[in-house]
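Feature list (source: Swiss-Prot):
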ACT_SITE  190  active site, proton acceptor
BINDING   38-62  NAD(+) binding site
BINDING   177  substrate binding site
């Protein structure tokens, strides 16, 4: 190859690399700069990962959780960094309407706006009480639906009211599950609740689109969060141990269609970041499935 061509190609790649570096660090340094976000279930797992990622991208973040100790500690830790935006904690049980209304009202009163509401709080339910439909436990079913579905509905209600009242074209995101896409992926109550979240998302998107409010949800495959690991450990008996996370991840990998990768909480946080940012400005009523293709592959005959 002529030296001139090699030199021109080298120059092109150098310029290209420089442009990409400047794009990443200068033009788009923070994708949520100036925005205010509420993240329920923000003290642990997917919620915690999202709190940290949103804060890193310039958002003012309000952590909402029933775990006051973990929530307060996380907020204090993130707010201690000089370059970080404000991160606050508000105690909230998403199944209690007064708590959800207070969460939204305090956030708006304190920061003047609400741009992003991430309905992430949820429960898996008692595995032993939901092992078989023949042993259906109505009280346990009501508990799961109260937190997972009622909590999302209340979040949508009060979050949308605040956005509409102040004319903000915000976005509402909810955590669903692959169990809300197909059967046989989780306990009965949990599966019913996640199907309901997908339905609520689509219906709310149809109604709120006229206000410029986008409503979407995320359906992850198995993520080895404390909730999932605890449920798995309780089913087999005993307390959670340090190596249970790795063991759980290995189990999920064995079921996965996409090999060579491990789904972690930060991957779901990245999906939430996309849906919360202006990059998804025309995405509405969508269930973003983050499962490495498992729900597609399991529906394929003979593959």
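These residue numbers are counts, starting from 1, taken along the chain as shown.
Here the Cβ of each residue, glycine as well, is placed from N, Cα and C on the backbone.
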Packing count at residue 58 (NAD(+) binding site) (other Cβ atoms within 10 Å of its Cβ): 16
Among 54, 190 [recorded positions], residue with fewest other Cβ within 10 Å: 190
Close in space, distant in sequence - residue 62 (NAD(+) binding site), Cβ under 8 Å, 6 or more apart: 36, 37, 38, 39, 87, 88, 89, 90, 103, 107, 111
Spatial neighbours of residue 190 (active site, proton acceptor), counting only the binding-site residues 42, 46, 50, 54, 58 and Cα distances within 10 Å: none
Among 42, 46, 50, 54, which are recorded as binding-site residues, the nearest neighbour of the residue listed as 'substrate binding site' by Cα: 46
Fewest Cβ neighbours within 10 Å, where candidates are the binding-site residues 50, 177: 177
Other CB atoms, at most 10 A from the CB of residue 46 (NAD(+) binding site): 27
